[in-house]
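Visitor: If you scroll down you'll find the structure; I have some questions about it.
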Amino acid sequence: MSLFDHSVSELHKKLNNKEISVTDLVEESYKRIADVEDNVKAFLTLDEENARAKAKELDAKIGAEDNGLLFGMPIGVKDNIVTNGLRTTCASKMLANFDPIYDATVVQKLKAADTITIGKLNMDEFAMGSSNENSGFYATKNPWNLDYVPGGSSGGSAAAVAAGEVLFSLGSDTGGSIRQPAAYCGVVGLKPTYGRVSRYGLVAFASSLDQIGPITRTVEDNAYLLQAISGLDRMDATSANVEVGNYLAGLTGDVKGLRIAVPKEYLGEGVGEEARESVLAALKVLEGMGATWEEVSLPHSKYALATYYLLSSSEASANLSRFDGVRYGVRSDNVNNLLDLYKNTRSEGFGDEVKRRIMLGTFALSSGYYDAYYKKAQQVRTLIKNDFENVFANYDVIIGPTTPTPAFKVGEKVDDPMTMYANDILTIPVNLAGVPAISVPCGFGANNMPLGLQIIGKHFDEATIYRVAHAFEQATDYHTKKASL
């Protein structure tokens, strides 16, 4: 039995009782990585020397009264979250040798909580992708079946947790990039409310959509991690000055009287039968615990995919303009003038999907097209946000599938961008509205691949999401299933 089969609270108790050491936890992580990483390929960079030194330092503090619940816990960090002195590449050749000189705010907070960073996790390049096949280095595989994708863009973050390489991880979510891989890999992933968690130190893809969030084995562990990384940060102008409640207090298993909305659009066209049936079964479980549910409509969600790709690509076009060979990242040697430097550096440094989105965004922002595309997309975004607010006026949470289907095979959709984009049709509206949502395991589909239940909440009401997710988790055993890697 792996130490990582235990929850954070159980491991914390074992540490305090000196049944295990922090070094034991770190070695457990690196041993598992040595055993499975050649197949899973979840990590891009390991930090073994520093992790072992930190573990030895923390071992001397075991039993101290001020040790928090995350004391000594091994974590993996998505490779678009900067880590001081530890290579951060965004899975792009553009940043292949970039060593940051500061820590992201979330990393600072986790260091203050005495977690130990095991390494940096693979992803789709600059977080653009839904399968991890867009990594500039190599594709991560799904621990449940190595022939299948782990999802993206936080595929490495989800796969590492599912494979037992780390206890938990950090990912980022712009259009579903935490929740979708969490669903595909049978783990728990939460996208917080926009502004709940600081984005300082997150390499920007689409600044109005990006959020950092936790990926874990259980809902309780997820709540611990969000508690640690949430809160106002003066270094991030979009960070919200909203009180962070006690997320653990609501994990009672009680959902009696809870009002659940189920959008008909989330169970309709484009959603597979396996995903639909798993959600209906989950609703029966919650109904049996005293919750009620009704069908509702989010009428503008059908426009979410087009809206998202116009807006996110436009923001990406602006954000990635800084990578030009002058200051950040690689620099092409094949140059005769400044124009060559810009063109050749970006042509050589960026992958195909990143180039595709930069082109789309530049087009949408160009003279003559701004009003026709970008401005109208912003107006539709407002309508989508209003749809959610209208539903939340009468309901506590919205529930549906996280993804239309279970994970697909490696290489199956890589040559068809539109089919690939459609994997995120159920997660994208949440980012456009800025509301929080979690994916929890809710069953299995074809070839024993996991399915996820998406629970969406009101702005800054992560507590209710956790309450529902925890109650469902405790009433089922999906979270106890493990990939037999």
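Each Cβ is built from the backbone N, Cα and C atoms, and glycine gets one as well.
Sequence annotations record features per position, and here Swiss-Prot assigns active site, charge relay system to Lys78, Ser153 based on sequence analysis. Annotation source Swiss-Prot lists active site, acyl-ester intermediate at Ser177, citing sequence analysis.
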Visitor: How big is the gap, in Å, between the Cα of Ser153 (active site, charge relay system) and that of Ser177 (active site, acyl-ester intermediate), rounded to a whole number?
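Guide: Checking the Cα atoms of Ser153 (active site, charge relay system) and Ser177 (active site, acyl-ester intermediate) gives a distance of 5 Å.
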Visitor: Does DSSP put Ser177 (active site, acyl-ester intermediate) in a helix, in a strand, or in coil?
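Guide: Ser177 (active site, acyl-ester intermediate) sits in coil per DSSP, no helix or strand.
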Visitor: Could you state the whole-number distance in Å separating the C-alpha atoms of the residue listed as 'active site, acyl-ester intermediate' and Lys78 (active site, charge relay system)?
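Guide: Answer for this pair: 11 Å between alpha carbons.
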Visitor: Once near-sequence residues are set aside, which residues in the chain of Lys78 (active site, charge relay system), 6 or more away, have Cβ atoms under 8 Å from its Cβ?
Guide: Lys120, Leu121, Met123, Ser154, Gly156, Ser157, Ser169, Leu170, Gly171, Ser172
